[in-house]
Amino acid sequence: MSGWNVIVIGGGHAGLEAAWAAAKFERVALLIGNPATVGRMPCNPAVGGPGKSQLVFEVQALGGLMGRLADETAIHTRVLNASKGPAVQSLRVQNERDAYAERAQDVIFGHAGIDIVRGEAADLESDGRGGWLVVTTDGRRLAARSVVVAAGTFMRGVTWYGRHSRPEGRQGEPPSRFLSAPLASAGHVLKRYKTGTPPRVRADAVNFSELLEIPADPQPRGFTGRPGPRATESPTWQTHTTPETHRLIQANLHESPMYAGDIEGLGPRYCPSIEDKVVRFAHHDRHLLFVEPDGVQTSEVYLQGFSSSLPPHLQDQLVRTLPGFEQAVIQRYAYAVEYDVVDSTELTLNLESRYLPGVFTAGQINGTSGYEEAAAQGLVAGMAAARRSLGLEEQVIGRETGYLGVLLDDLVFKGSDEPYRMMTSRVEHRLLVRQDNADERLTPLGLRLGLVTDAEASRVEAKYSRVQAGLEALQRQRIQGQTGDSWLRRPEFALADVEALGIELPVLAAEEREALEIRVKYAGYIDRARRQLQSEAHARRLSLEGVDFAGIAALSNEAREKLARHQPQTVDQAARISGVRHADIGVLLVHLKQQRVSRET
């Protein structure tokens, strides 16, 4: 093969989505070291959760792969925050770890438009004609019009087990030794980040009777609407740390490479190691931990919330201080990994390098944390790389479109001083960009971008035509002088209750009934959110000159610190600062209003 439209470097979650998206346009090469590691879940065996499931639903709506893989290998599904409103409800799918990777490999390796190329990227060279050559360590020069670098935690990766380190991108896998150099020489500022993973414990050595069992939802949910047949087969469990856990950690902090100063990389604020939790939250006498199976008939469980870089002999002692783990045997020890990332403010909103036109980056190389964030970036980078290689018009997914737009906007305009994790609190107007309406919002966009087929778009259009027919049926029929939608707006009424009164509805699937119910019950709130969205365009131009940020108690601690440091001159500038969230902007607007009223009186 003399060349490709796009070469994707890396077979993790970002690389998979990039190759999948780019292959919808033209032929793609996926450059990987070991095919057996493609699609691997190196950390938790699950997809979704608050802020993250919304990304997966949006990736699915845009023709992506992750939601499909998660559903096909699901062993446990749960809607989190189910008792709260739809704006913050999130699906979490527990997966069969090995099956997820195997299914990903089946899909990618079986795709006629994706060529699998084995090797390690050593350099990126311009071909002098607007394209690129990916030079491998064995001297091959692979030609492409565009390149997506999705190197994960592998660029100059180092793993840490206590004070001992190894050159690895993750456990047992060699790092990418040379790829940082061409990025740095082009002008990219490289930073060192750190993340970690918990230990895996032999399941037959755990006393599950001492743990709190968390069953799967009886009616399984999926990202595609079709979770696999095993989606309710396995529970998860909950345990917690003890005072003895905390005592051991405090007494052995000198064994931690982070606290000893060996690790330079910045770790994730919202997913701290167990050492960090004990030190930063010393006033807590316990920390909750979740025990997740690696599969239905697994020999291992994953100890969510217990990531660590302490040495193996200490991990053995620590795990045995947990209820139910008194006889625990660790099969794979926890470790930390330190790696290079680019400064994401040096990218465009399509994740293209500002210094290397035609080179895109996606996933943890951009300073993010998590499978879902990586997949979302991979889809965008793969799509944009393919469109660029074909000379198609550049398309930008804006902040207002949903969680994916917020992710891109935050990375490019705010950047991050630590691994970035998507959360619902980062997103303005969450009621407008829920997980349940991702297809309605984004599938038409996916069709325009070339990511979604006419047939897929037609199915979504038909779905919401049926929802609209249901709404019209509610509005048309009256019981006891009130229309069906008026009855449904009552807090104590669900759609089934309205039907029990005698209101007749067309046949609707479960997800269509849910969409109809949300549309009716939250109509007033949704209209208000739309009006607020319009008014905020004006509010963002307001001046912050002379505002004493340190004196505004209602701001979050992080926002107060960042605002005082950066001294933004307008609300829009404040909103672009890493660590300043939508709630903080609301606090600033209230403060400005109070100042104006005070001056006027």
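Numbers run from 1 along the shown chain.
In case you wondered, yes, glycine gets a Cβ from its N, Cα and C as well.
Per Swiss-Prot, the features are as follows:
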| type | residues | note |
| --- | --- | --- |
| BINDING | Gly10, Gly11, Gly12, His13, Ala14, Gly15 | FAD binding site |
| BINDING | 267-281 | NAD(+) binding site |
| COMPBIAS | 233-242 | compositional bias 'Polar residues' |
| REGION | 216-242 | region 'Disordered' |
(request) May I ask for the distance between Gly267 (NAD(+) binding site) and Ala14 (FAD binding site), taken between their Cα atoms and rounded to an integer number of Å? (result) 20
(message) Quick check: which same-chain residues outside Gly10, Gly11, Gly12, His13, Ala14, Gly15 lie with their CB within 8 A of the centre of the FAD site CB atoms?
(response) Val8, Leu16, Glu17, Ala18, Val38, Ala150, Gly152, Ala362, Gly363, Ala374, Gly378
(request) Mind giving me a neighbour count for Ala14 (FAD binding site)? Other Cβ atoms within 10 Å of its Cβ, every protein chain shown. (result) 34
(message) My understanding is the cutoff is Cβ-Cβ under 8 Å with a sequence separation of 6 or more in the same chain; which residues meet that for Cys271 (NAD(+) binding site)?
(response) Thr195, Ser307, Ser369, Pro419, Arg421
(message) I'm trying to understand the geometry here, so how far is the Cα atom of Gly12 (FAD binding site) from the Cα atom of Arg269 (NAD(+) binding site), in Å to the nearest whole number?
(response) 23
(message) Please report the distance from the Cα of Ser273 (NAD(+) binding site) to the Cα of Gly10 (FAD binding site), rounded to the nearest angstrom.
(response) 26
(request) Identify, in sequence order, the residues in the chain of Gly15 (FAD binding site) that are 6 or more apart from it along the sequence and have a CB within less than 8 Å of its CB; answer 'none' if there are none. (result) Val8, Ile9, Leu30, Ile32, Val148, Ala150, Gly152, Ala362, Gly363, Gly378
(request) Can you figure out which of Arg269, Glu275, Val279, Phe281 (the binding-site residues) comes closest in space to Ala14 (FAD binding site), comparing Cα atoms? (result) Arg269
(message) Tell me which of the binding-site residues Gly10, Gly11, His13 ends up closest to Lys277 (NAD(+) binding site) in space, Cα to Cα.
(response) His13
(message) Cβ atoms within 10 Å, counted per site: which of Gly11, Gly12, Gly267 has the most, among these binding-site residues?
(response) Gly12
(message) At a 10 Å cut-off from the C-beta of Glu275 (NAD(+) binding site), count the other C-beta atoms across all protein chains.
(response) 23
